[in-house]
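Participant: Under the heading transmembrane segment, TrEMBL lists 12-30, 42-70, 105-123, 132-153, 165-182. Sequence annotations record features per position, and here TrEMBL assigns domain 'VanZ-like' to 50-182.
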Amino acid sequence: MLINNTYINPRALTATWPFVVLWLLFVVVYKWRTGKHWSDLSLIAMIIFSFYITKVMSMTMLPIFIYHFWYVGDMFGFGQQVDFVHLNPVRAFDYFPSWFWFEQFFGNFIMLTPFGIMAPYVFPRLRKLWQVGLLAFGVSLSIETYQFVFSYFYITARYFETSDLILNTTGALIGFGIWRLVMRHSQHVHHLYEHRLANEPQYLRDLFNK
């Protein structure tokens, strides 16, 4: 990490288990709140979705740097690392057509595509394009805000990029489109979805039908 033209190399936490614990806690609370018995297929879908979310979190939130927090802050002041906020989405093309550009552009595009595919099944009341798009934008914005705040305090070395928001959300919308196509052309998947929808508790039905 470069701070005021000085390289700082703190120890880094790269373990993913804290994210696994947090997500499993969310799943347990969600199941407790719904009060319904999950079918084997629903449980498998939630496990796959859990692994996917954990992978996204580990890719976007790690490493976490461990260092003498206030000592470094006193030496340099916070928010002094080089260029960690990118508000111009066109910057995504700065490295075109290099492999780095390909990895960044398409990586961010496809990162939430599985989210758009799986979210309507895991959370059946997400039946509309704007609902999935809004949720995906919220997820992406949460990630970018995390990266901004933690980078400001040198806890990670990430960037806040508006291009990521656009690409992540677009990828999720494409994923939802794939889901809708599968639903339209596969009666079996449609039947499974309707069964999953029927097992949602009433308070969730009321929430998403408003």
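Here the Cβ of each residue, glycine as well, is placed from N, Cα and C on the backbone.
Note that the structure is predicted; figures quoted are calculated from it, not measured.
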Participant: Pairs of Cβ atoms less than 8 Å apart decide it: which stretch in 42-70, 132-153, 165-182 has the most with the transmembrane segment (105-123)?
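Facilitator: Looking only at 42-70, 132-153, 165-182, the most contacts with the transmembrane segment (105-123) come from 165-182.
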Participant: Could you tell me what the rest of the chain brings near the transmembrane segment (165-182), counting residues at least six beyond its ends with Cβ under 8 Å?
Facilitator: 89, 92, 105, 108-121, 129, 132-133, 135-137, 139-141, 143-144, 189
Participant: Any idea what the model's mean pLDDT is for the domain 'VanZ-like' (50-182)?
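Facilitator: Mean model confidence (pLDDT) across the domain 'VanZ-like' (50-182) is 82.
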